[in-house]
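Chemist: Structure in structure tokens, see below.
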Amino acid sequence: MTAIAPVITIDGPSGAGKGTLCKAMAEALQWHLLDSGAIYRVLALAALHHHVDLASEDALVPLASHLDVRFVSTDGNLEVILEGEDVSGEIRTQEVANAASQVAAFPRVREALLRRQRAFREAPGLIADGRDMGTVVFPDAPVKIFLDASSEERAHRRMLQLQENGFSVNFERLLAEIKERDDRDRNRAVAPLVPAADALVLDSTRLSIEQVIEKALQYARQKLALA
């Protein structure tokens with residue numbers, strides 16, 4: 001019997017540093033990477049490319065079931081590959097964001113994408129980045145990490161990120177938006193944002209990204225008995 005490939009799940013709120021951590025771990029371990037947050041955008045873009053009706057659940061389900069998508073991390077940069085083409089920039093447009101909201105509303109589409117995400121589990125292993133990876137998508141994962149940080153620290157990081165890209169931002173407004181999203185995510189009826197019972201909760205508020213990566217890799221290697 002073939003052994004099931006191991007999964008390391010990295011869950012947590014927006015701005016905690018999940019993306020950076022997952023890319024670093026995927027590169028360090030040479031494992032596959034799943035960015036679950038991009039999945040709905042990728043499906044929406046595929047639907048737009050193939051002129052699939054965004055209001056038709058029946059048309060979207062087969063597209064979701066056979067979505068040809070890969071995530072490749074190179075030198076800390078994540079490439080989203082749809083049908084052999086790098087669409088990392090294209091999935092960030094407002095048109096795609098709006099379409100993603102539409103397709104995510106269909107229960108059968110969500111079920112199809114859940115199965116599609118689980119299909120990323122291949123040897124030698126998978127790093128799964130999301131919000132319910134350890135609780136819903138891969139509840140049997142041998143290594144689960146919940147990466148958190150204070151809302152103030154996450155707002156500060158987001159502000160610096162936006163300023164570096166030339167945007168003028170208001171810290172108090174950013175903080176209010178993050179707190180509102182946290183409340184919505186942590187208290188929703190379906191798949192609330194909570195650590196899995198067997199997850200390592202890692203607070204990155206006062207840690208550098210290098211320290212976070214070091215702690216996470218050390219924990220994963222111990223759990224998986226990796227060299």
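Cβ coordinates are placed from backbone N, Cα and C, and glycine is handled just like the others.
These came from Swiss-Prot, pasted as-is:
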BINDING   GLY12, PRO13, SER14, GLY15, ALA16, GLY17, LYS18, GLY19, THR20  ATP binding site
Chemist: In the same chain, outside GLY12, PRO13, SER14, GLY15, ALA16, GLY17, LYS18, GLY19, THR20, whose C-beta lies within 8 angstroms of the Cβ mean position for the ATP site?
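Modeler: Along the chain, the qualifying residues are LEU21, LEU147, ALA149, ARG154, SER204.
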Chemist: Are there any residues in the same chain, six or more apart in sequence, whose C-beta is under 8 angstroms from the C-beta of THR20 (ATP binding site), and if so which?
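Modeler: For THR20 (ATP binding site), the qualifying residues are GLY76, ILE209, ILE213.
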Chemist: Using Cβ atoms only, which residues of the same chain lie under 8 Å from GLY12 (ATP binding site) while being at least 6 residues apart in sequence?
Modeler: LYS18, ARG131, PHE146, LEU147, ASP148, LEU193
